[in-house]
């Protein structure tokens, strides 16, 4: 027997070592590590110290039965394991396991093996956040002794409706079920374990009506069903069996069928209620005021109205969110709640609150997050806010607060956004001495004074928005040198002067730089070439005196470039590289002194403009993940007017070269930029014809070629541009008949004035019989009769979301990016045939 037992332990050790050797140890594999109570854990490589010279039952993460010596527990959570988890893993030789935890590792691309269902004695199984993928096998439902099952992951795990029902039916001993973010796409059956204490099913595509039996589970402590918009929840009108035990109820973004019933008053143990985005309406439900043990109450993103009650019974409150509702009245209740000594978060943004913030508020020494943005609050910001010792985030933006920004007592500030108010005075020194400040947004106020070089001491700063104030002086030289985490810099629309003398250091993180609307002089700083992540550069409306900085084209991420309204001059020369400005979506060089021909090589490099993204489900914004605190600002001219665009859609593509001294012909290569929405070449000295290739600009909405020397006829093919909303061809030398078509028939006289040779609607000079323009359909028929070679028009309707934009807006906010696209182009021979038939002895365009 001794030999048999020895062999058994040797085999057991070999199985464990073989399992260890399947994976590498990588600290990044357990980056985000939490225990089941959502407390952050420290990861460490448990298997690193396993070796064959020691007893495997003493190894970290392993627990053996004292009698049999069998491994009964294997806890490898947060063990930094990385690699493929194979279905023939030696792990499955440990047939006596009762607890198995492999959570918070990285098994990317691995399927959950059906062999997990062979651990018949298993009571705890946790495979969470380890990047498993595919379908959860039905064999998991064979683990009839399970008390805890956690398989939550963001890596496209799914569980078919049948398997979900089977799992709930067979696992009758379950205490905790966590399938967070697993695609279930099913209703919830009513036959599930009566022992459940924790039921976590958020983001699981649940639908139908939640069985009322869930609320009568006598041991239920935590119910999490959030983010299932197709799930309908009806709360019992009578007392729940779980009333005494239920501590956390998360039903955010589900469909609440009826009003909150009086039965809520009996939830005496409830600590946290998340009921945002549930279409709640009317006044804040009165049954909630009896929840005297509540610590977290989130009712935001609903349609609640009326004043905010005093809430004096919530003495244990830590987190309160009523934002994005229709609440009105003042904030007087803050003066009456002196017992809120534990309050940490107060979120009342986006309501209709009015009046000043009460000045006699006390007892909020633990308040760390205060959100009152987008209301109608006024008056000065009271001193108690600046005196909060634990303040981390302050958002009072988009109100009408006035007065000075006082010095902050807190040393732990992460975000301060006071933009869009009427604040004045200098930037307080206490803001410039923060060790953890990441977002500082003070734009659109009346802040004055100089920008101190102390701002460079903010080592963690990611967004600095001081635009649209009265700041003067020079830009601190250190801004581009010492703030290595700074992503977005907006100093636009101030009174800053001098040269841009900052040196942008190698390895910086800038994504957006806007210095628009100042009095800056000198040249475009060459060190900008070090901003390799830059997406937006706006130096417009200054007094820069330089030639075109062609080297900016090497910034491979650049999407928006505005150099408008400066003193830039000379021809735009480009190198032989075809990789310059490839991702550019907005190019604004207007109101300068550029001369020579239009930059044909640069226009030919604009690869992003050469395609229409018809498959994007939702529009993306240039400001990506930081949009919550900051949006880019740039001013562009489109449809004849200047606009400050607060958000630039990823699908918006604009070229503005107006008000320069460009001459020569319009390059036909512009017709390859099929994604172009706005083209403005007005007020130059351009000549020649309008290229027929413009017919390919199928999503073009605004075309301005006015005040040039363009001659010839308007190409009849332009009548196919069904999205064209604004057209200005005035003050040129155009002749012939104006094309007829749905869009062209909507343009008035001003689109064509100053062209004495033009005829046809809407002008008073009509086209005679001899001048009648042949439509594209007629041309096709005639060419077929003559058997002439041609490429026929083929309109491919791909569908569209919002159609034409309402009003004059540069951002054209559309919630679908699918548009009609016309892919066929006439070749030169066809062009010759068409123009000859339209007007004998005329030149080709």
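Any Cβ shown, glycine's included, is placed from N, Cα and C.
Checking Swiss-Prot for region 'N-cap' across the ranges 20-70, 71-121 points to 20-70.
Beyond the ends of the repeat 'LRR 20' (532-554), by six or more residues, the same chain brings 492, 500, 508-524, 526, 560-570, 572-575, 577, 579-581, 588-589, 594, 599, 602, 605, 622, 632-635, 648 to within a C-beta distance below 8 angstroms of the stretch. Across the repeat 'LRR 24' (673-696), the model assigns an average pLDDT of 96. Tertiary neighbourhood of the repeat 'LRR 10' (292-316): same-chain residues 252, 268-284, 322-331, 333, 336-337, 339-340, 342, 347-348, 353, selected by CB-CB distance under 8 Å and a gap of 6+ residues from either end. Same-chain residues lying 6+ beyond the ends of the repeat 'LRR 15' (411-434) with a Cβ under 8 Å from its Cβ atoms: 368, 373, 381, 390-405, 440-452, 454-455, 457-458, 465-466, 629. The helix, strand and coil residue counts that DSSP assigns across the repeat 'LRR 15' (411-434) are 5 helix, 7 strand, 12 coil. Here the repeat 'LRR 7' (219-242) has long-range neighbours at 175, 180, 195-210, 212, 248-258, 260-264, 266-267, 274, meaning same-chain residues at least 6 beyond its ends whose C-beta is under 8 angstroms from one of its own. Nonlocal intrachain contacts for the repeat 'LRR 18' (484-506), taken as residues 6+ away from its ends with a CB within less than 8 angstroms of a stretch CB, comprise 438, 443, 451, 459-478, 512-525, 527-528, 530-531, 538-539, 623, 626, 630, 632-633.
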